[in-house]
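Trainee: I grabbed these lines from TrEMBL:
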TRANSMEM  12-40  transmembrane segment
TRANSMEM  52-72  transmembrane segment
TRANSMEM  84-101  transmembrane segment
TRANSMEM  113-130  transmembrane segment
TRANSMEM  151-169  transmembrane segment
TRANSMEM  206-229  transmembrane segment
TRANSMEM  257-273  transmembrane segment
TRANSMEM  293-311  transmembrane segment
TRANSMEM  323-342  transmembrane segment
TRANSMEM  354-373  transmembrane segment
TRANSMEM  394-418  transmembrane segment
TRANSMEM  438-463  transmembrane segment
Amino acid sequence: MPADYPKSLRFWNYLCYGLAGIPASLSGNTVGLFFSVFILEVVQITPTQNSILTTTSKVISSTSAFFVGFLINTTNTRWGKVKPWLFFTAILGAVCNFFQWFSPGVGSSTGKLIWYLVFFCGFNVLLTGYGNARDTLVMFASNEPRERDTLNAYMSAFQIVGVIFSALIQQGTFALFHADLGYNPCSNRTHNTTDQGPSRDTEKTAYMVAAAVGSGLLVLFGLAAVFGVPERKDIRGQQQSSCFPIDDIKQLVRHRPFLVLFVIEALLELGIYTKQINTALMLQYTFGMSDQVFYVLFVYMAAAVVAIFLWNLALPRIGRKKVICLGILLCLLPHNAALMIATEGLLGTALRPFIYASSVLGGAGEGCMYIALSVMHTDVVDDFELKTDKKMASVLYSLWLFSRGVMDAISAAASNGILQAANYNAHNCVQPNTVKQALRYVTAGTPPAVYVIALLFIWLYPITEESRTRTKMSLDARRAAADEEERAVLTSTDDASVQEIV
């Protein structure tokens, strides 16, 4: 083994890499689940302005996602290729994360919109860079497949811990300040604006405290990966001549597994994100469960945690494609159907238990999507490397991030536009029936359509269990040959040096 290769990874390295998975999932899920409530109910910008905010941020972050992989691929510093990106995105992302939950003393709606455009967009761009650098680091931490698998296992586990943290921090902070998670104007004794002020100020403080805790964890766990995980140099020394190489892009668009998975991920993201950003509002207004929002979401995420490990056991037995199909057919589709038919008139006092039971199904389905897509990513990266002899993991992850960002922008724009058309108003104590029905159809009715289309592309996905095994064997043989060639070069160099001395 060459001298510049790092030693075998230790538990500390695995732990630090796993901790790096917490910040993105913690802050990302907090935004996905609670930011719509915060921006509409507490800050009180209009749904139209919220649509401008979320759509703009998603477009900008998606654009940055498209390029950040190429930029990481061309980075080469004395501190490494990936670690500089992790360091700076963690620090700057923590700052933007705090200020995107800060309520500025600006009276005009335009001023509020500009404030959140700056910090919300900045946060999303930095989170994109952080996530790509974190995913790419596993390719440079070790060249041993078993060690990489262990790193990914720790990452998967701690990403779910981050999801749980997002709910616990939010709910714990609001409990500390005796505030409801989600401003409810009907909770005041009277409904004039003077009585609503103190309640809203309390919620503003609670959101800022929760944001400060999240920002601190982002810095702490981001730096854990920087200083606790080794990054080896690429011994083949491949460098891009440009941050936007046309030849590499042509190879990508001709790579069928990448294109099919690109579409699958985009469709699933559209369905899941649409449900995520509207669930809290649907629970509050459609089902009248504002006091149960946290508990329903916690059950949903806890089910996802357990399901990830169960689906992971099923993966080697029945394969990737069958697992993801079962997750859609047995969990996601029944979950959305349950939300569509659930009404107090039909279920009476059983409505709440029914919502909790359906959330278990939804969490199990989302957990399946999480683990299945992550392993399919690695399959496509290996297949691309085998066919092109190019290590472009950061570029592939970047383009998958781009697809998710585009779908998030479409989902956010459509959701806010529908709310605006349904006459949603954060100042109203009781929302009209049009808002309640709109939330039901957007949250539960739209996702099944894209899930069904995704099933078609999953059937077209070309990588099978047999081809995956052949790819692994071929890559192992190629890496062994490359190591032997480098060892021979080092030996000949040493012999030449000895002869010169003599």
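Backbone N, Cα and C atoms are what each Cβ position is placed from, and that goes for glycine too.
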Trainee: Excluding the flanking five residues on each side, which residues at least 6 beyond the ends of the transmembrane segment (394-418) place their CB within less than 8 Å of a CB in that stretch?
Mentor: 47-48, 50-51, 54-55, 58-59, 61-63, 65-70, 72-73, 82, 124, 128, 131-133, 135-136, 248, 252, 258, 261-262, 265-267, 269-270, 273-274, 277-278, 377, 380-381, 384, 438, 442
Trainee: Against which stretches of its own chain does the transmembrane segment (257-273) lie, if we need a Cβ under 8 Å and a gap of at least six residues from its ends?
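Mentor: Cβ under 8 Å, 6 or more out: 32, 332, 366, 369, 373, 376-377, 379-380, 383-384, 396, 399-400, 403-404, 406-408, 410-412, 446-448, 450-451, 453-454, 457-458, 460-463.
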Trainee: Six or more residues out from either end of the transmembrane segment (84-101), which same-chain residues have a Cβ under 8 Å from its Cβ atoms?
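Mentor: For the transmembrane segment (84-101), the list is 20, 23, 27, 31, 35, 38, 72, 75, 77, 116, 119-120, 122-123, 126-127, 129-130, 132-134, 137, 207-208, 210-212, 214-216, 218-219, 222-223, 225-226.
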Trainee: Tell me if the transmembrane segment (113-130) touches the transmembrane segment (323-342). I count contact as 3 or more CB pairs below 8 A, with pairs 6 or more residues apart.
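Mentor: The answer is no, given that the two segments have fewer than 3 Cβ pairs within the 8 Å cut-off.
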Trainee: Does the transmembrane segment (206-229) come near the transmembrane segment (52-72), with 3+ Cβ pairs under 8 Å (pairs 6 or more apart)?
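Mentor: Per Cβ check, the transmembrane segment (206-229) does not touch the transmembrane segment (52-72).
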Trainee: For the transmembrane segment (354-373), could you work out the same-chain residues 6 or more beyond its ends whose Cβ comes under 8 Å from its Cβ atoms?
Mentor: 156, 159, 261, 264-265, 268, 272, 275, 283, 287, 289, 292, 295-297, 299-308, 311-312, 315, 320, 323-324, 326-328, 330-332, 334-336, 338-339, 342, 347
Trainee: Can at least 3 Cβ pairs under 8 A be found between the transmembrane segment (113-130) and the transmembrane segment (52-72), with each pair 6 or more apart in sequence?
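Mentor: Taking Cβ pairs at least 6 residues apart, the transmembrane segment (52-72) and the transmembrane segment (113-130) are in contact, with 3 or more under 8 Å.
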Trainee: Counting only CB pairs under 8 A, let me know which of 12-40, 52-72, 151-169 has the most with the transmembrane segment (293-311).
Mentor: 151-169
